[in-house]
Amino acid sequence: MGVKNHSTVTEFLLSGLTEQAELQLPLFCLFLGIYTVTVVGNLSMISIIRLNRQLHTPMYYFLSSLSFLDFCYSSVITPKMLSGFLCRDRSISYSGCMIQLFFFCVCVISECYMLAAMACDRYVAICSPLLYRVIMSPRVCSLLVAAVFSVGFTDAVIHGGCILRLSFCGSNIIKHYFCDIVPLIKLSCSSTYIDELLIFVIGGFNMVATSLTIIISYAFILTSILRIHSKKGRCKAFSTCSSHLTAVLMFYGSLMSMYLKPASSSSLTQEKVSSVFYTTVILMLNPLIYSLRNNEVRNALMKLLRRKISLSPG
C-alpha cells in the first residue's frame, strides 16, 4: 500500500519576487530579456557546435550538453515567473508545483555533475594530451553525460518522494517565485526533520563530491600548467579552463549560500537573491562566458554568419 498524503491543499499561491505593483512590468521586461538571451544563447551554442565539424571534440560535446541542460533549466522556472509578473492569479496546482519541483531538482543536480564532468575533461586534456582522444572517447563522453542526468533524476525522485509525503493543511502561500524545496518545507504542518536532513545530507554530498572533483582536477591542471616553460604556452593552457572556472565559481557560490544550512536559518530575501542567480542569471551568462572567451567558438560563429550572408539573396 502506498504512502498516503494527508494534504488538504489543492493549489499553491506563489508570492513572486516582489509584491510591489509598480515593479511588476519592469521586472517582466528584465526577466523576459534574460530568458530570451538564455534561450537564444544556449540554442545558438548547440547549433554552432553541431554544425561545425572542428568543434566535434569531447570538450564541446560537454559544452553542448551543458547548453541543453541550461535551456531546459531556465524553461522550468522562468515562464511561470514571467506569467506571475503580468497576471493577478499566481496560483499553481499541487500537481503542477510537484512537477516543477521535480524537474528543478533534476536540472540543478545535473548542473553540478555536468560541471564536474567538464573539469575531468579539462584535466585529461591538459595533463594527458597524447591520450586525450583515447580516454575521452565518444562512448566515454556519452556515458558520463548519461550518468550526470541519471544522478539528477535519482536525487529528484528521492526529494520529490519526501515532499509528497508531507501534509499541507495551513497556509498555501509559497513565499518564492517557484516551487522550491525549502519554501515548501516551511509550509508543511507535519514533521520536516527527514526532509531537512535529506537536503543537508544529499545536497551536501552532491556539492562536496562535485566540488572536490573540480578542486582536485584543477590542482593537477595548475601543477601541469606551471611545468610549462613558455609564458604563451601557460596562458594558452589556462585559457581553455578559465571560462569553466568562472561558471563554476558563480554557480556553486550562489547554490551553497542557499542550501548548505538549515531551512529555518535562511531569510526570504537571501533565498530569492540566491535563487535568481542560479536559476536565471548564471544560465544566461554561461553561453556568453564560453563564447566570448573562446576563439574557436567565436571563429565558428563568424564563419556561420559569413556563410548565411553569402547565401542570402541580393
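Backbone N, Cα and C define each Cβ position, glycine as well.
Remember, predicted model here, so these are calculated numbers, not experimental data.
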**Request:** Report, based on Swiss-Prot, whether ASN172 and GLU271 occupy the same side of the membrane.
**Result:** yes
**Asked** When DSSP states are grouped into helix, strand and coil, how many residues of the topological domain 'Cytoplasmic' (47-54) land in each?
**Response** 7 helix, 0 strand, 1 coil
**The one of CYS97, CYS189 whose CB sees the fewest other CB atoms within 10 Å, among these disulfide-bonded residues** = CYS189
**Request:** Indicate whether CYS189 (disulfide bond) is helix, strand or coil by DSSP.
**Result:** coil
**Prompt:** Does the transmembrane segment (272-292) reach the transmembrane segment (140-160) with at least 3 CB pairs under 8 A, where each pair is 6 or more residues apart?
**Reply:** no
**Message:** Under 8 angstroms for C-beta pairs, at least 3 of them, ignoring pairs fewer than 6 apart in sequence. Is the transmembrane segment (100-120) in contact with the transmembrane segment (238-258) by that rule?
**Reply:** yes
